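> First, the structure itself, so that you have it in front of you.
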Amino acid sequence: MNGEADCPTDLEMAAPKGQDRWSQEDMLTLLECMKNNLPSNDSSKFKTTESHMDWEKVAFKDFSGDMCKLKWVEISNEVRKFRTLTELILDAQEHVKNPYKGKKLKKHPDFPKKPLTPYFRFFMEKRAKYAKLHPEMSNLDLTKILSKKYKELPEKKKMKYIQDFQREKQEFERNLARFREDHPDLIQNAKKSDIPEKPKTPQQLWYTHEKKVYLKVRPDATTKEVKDSLGKQWSQLSDKKRLKWIHKALEQRKEYEEIMRDYIQKHPELNISEEGITKSTLTKAERQLKDKFDGRPTKPPPNSYSLYCAELMANMKDVPSTERMVLCSQQWKLLSQKEKDAYHKKCDQKKKDYEVELLRFLESLPEEEQQRVLGEEKMLNINKKQATSPASKKPAQEGGKGGSEKPKRPVSAMFIFSEEKRRQLQEERPELSESELTRLLARMWNDLSEKKKAKYKAREAALKAQSERKPGGEREERGKLPESPKRAEEIWQQSVIGDYLARFKNDRVKALKAMEMTWNNMEKKEKLMWIKKAAEDQKRYERELSEMRAPPAATNSSKKMKFQGEPKKPPMNGYQKFSQELLSNGELNHLPLKERMVEIGSRWQRISQSQKEHYKKLAEEQQKQYKVHLDLWVKSLSPQDRAAYKEYISNKRKSMTKLRGPNPKSSRTTLQSKSESEEDDEEDEDDEDEDEEEEDDENGDSSEDGGDSSESSSEDESEDGDENEEDDEDEDDDEDDDEDEDNESEGSSSSSSSSGDSSDSDSN
């Protein structure tokens, strides 16, 4: 391919005549030696691997490395090369064993020569003469001229070439039959003539018929000429003519099904499924055309909003398709509730009429067709349930009768970026339409560096994780971004666009220009009301965005984002280590949950200071090991996962700060995490993890000695104990959050517990 087989390389031209002494066994040995010298993970282009091959290691018997290389070049020219060298050698082995099999059948020395076509006979006869007359012409130009000359030949002269061709063709067929008798082993994949032929599609039936007609008029036409002539005619056929071939295809398919069922009974060893027999030969468009002519009713719009849009769009042929739905949505909002209710009733009536007509249509069909239509209706209903109306974003304001909800916009990194930059671009370039603005934002996104994209991808991952954690309606509500704020001019335009479109007969371009001029000529006092509305809309957007980004406290404390392979967080101090030990050994399982934690607190008070120090050292050692494992794990993450983990840690700190209230110890770390989350991921993740651990250590050290009388800490850790009792795996998953809560409660009660600890040390 690509001229490799036709143009011999320097190596081929230099091949000595001694190469003929290679036997089949020697060639197979050569390929086996090459195979043994291939790299274990061979995935490069074959030329690359071939250039690195050590041919001296391939050499065997009295064949040197150079001889082996030359022979390989000769063999490799006989097989396709768009593969790895490993695959190529396997194919070469097959070629050496069966050099004349399959596609290489015509290369067998005994294979009869095919006769030249009438046109090619004429071409070979006249080419030399025309080449002398026009030496400046290329082969391509000569071919074009001779092709034109042949078409202009009278039928009598053409007949001479046709008769010579037919005579030689008969001789070729006799020689071919003789060749097949002499070489039966070379004829592979003989067609099983007893298997019924598969039914044709309507287009195939039409093409076969038209081809016969065309060849009667032009018997010397090539296959390419027939295809070029008939190629586009099928799509230009009228529905009535196409329906004729659809009916013929259906009749042929029924006959095929009956014949195939009889055939399968006679040949039970064949593994042919019922689905393979009954597979339709019609396309979706052809099936719909047939159903339409059979009287199948057209499905009505699914809701009142869709019905309104369908009626409005019939008069909006001049409006660009990208703007039609926007205009429909704006017009729908301007309708009164009474008008919307009228459309709702009209839609319900259309649905009832459709059901009656569909039942009549089904009665006229055979049972198999009834099942097919009912199946299609079921699938349509499933799909339509997900198709919602963009008109009723606030059902409480419109009574909930104006149609279904607007489909949610997909939460993606590019979408978050677009929403963030859209308002700024609208102010900088007000002349751009919505579609032009969207294209510009897409180009801006593509030009962003990977580091900057990672920031938005992290926010995407956080949003998706939040939507997965939230149940039911809350998940749906928070899983999408709030509607972007509108400018004062946009709010004013929405309120008056109906009047302007009516004035300019639905010419949207003229209406927009007129509105723009009116707005520019308005006094500031007149604009003030709309500016206030825009400011309120901006506040609404910022409020909804902050609510969406900030995870709810209850959800954050009960569930956490899971990262595969993240090391398990160890106890933060000696008291937690002591509690974990008692809870895990099952010694206190007979006690209720609260009593169990009280018992742990009392036991902690009773142990000596040296034992407490022992547990503290164990906790510190586990913390050191945890830091090492965490660093290794963070480095092993992909850039996207690392950014998502960083975003999660930052959000977790913010939420914990809100829960704790003002904390002088954590204020520095909180501010640091805020600044880190706003940068473009240029800091090292290891430093962030160390900051997090330092914060945890501070909380742990301050609360360690005060853990003996901290009842709130005991209640927090009781969650861990309960999970340990019911399921050890749940304990592992939620332990991190429990420990954070322990730190919080222990930190808040450190002042009260310090007196208890001092009295305990005095008693000791």
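Heads up, the Cβ atoms here are built off N, Cα and C, so glycines get one too.
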> Can you dig through Swiss-Prot and tell me which residue of Ser23, Ser238, Ser435, Ser650 is labelled phosphoserine?
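Matching Ser23, Ser238, Ser435, Ser650 against Swiss-Prot annotations yields Ser435.
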> Pick from 143-173, 267-297, 546-576: which stretch is listed in Swiss-Prot under region 'Disordered'?
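Checked against Swiss-Prot: region 'Disordered' maps to 546-576.
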> So which of Ser76, Ser364, Ser636 shows up as phosphoserine in Swiss-Prot?
Ser364
> With Swiss-Prot as the source, identify the stretch among 1-21, 106-126, 589-609 annotated region 'Disordered'.
1-21
> If Swiss-Prot marks one of Ser329, Ser495 as phosphoserine, which residue does it mark?
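In Swiss-Prot, Ser495 carries the phosphoserine label; others show none in the record.
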> Expressed to the nearest Å, what is the distance separating Ser364 (phosphoserine) and Ser546 (phosphoserine) at their Cα atoms?
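So the Cα of Ser546 (phosphoserine) lies 59 Å away from that of Ser364 (phosphoserine).
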> Determine, from DSSP, whether Ser412 (phosphoserine) sits in helix, strand or coil.
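Reduced to three states, the DSSP call for Ser412 (phosphoserine) is coil.
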> Let me spell it out: for each of the modified residues (Ser336, Ser412), count the other Cβ atoms within 10 Å of that residue's Cβ, using every protein chain shown. Which one has the most?
Ser412
> Once the chains shown are all counted, how many other Cβ atoms turn up within 10 Å of the Cβ of Ser638 (phosphoserine)?
8
> How big is the Cα-to-Cα gap, in Å, between Ser484 (phosphoserine) and Ser495 (phosphoserine)?
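Spelling it out, the Cα of Ser484 (phosphoserine) and the Cα of Ser495 (phosphoserine) are 18 Å apart.
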> Test of understanding: give the count of other CB atoms lying within 10 angstroms of the CB of Ser546 (phosphoserine).
10
> Indicate whether Ser336 (phosphoserine) is helix, strand or coil by DSSP.
coil
> Taking Cα atoms as reference points, rank the modified residues Ser412, Ser495, Ser584, Ser638 by distance from Ser336 (phosphoserine) and give the first.
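Of all the candidates listed, Ser495 is nearest in space.
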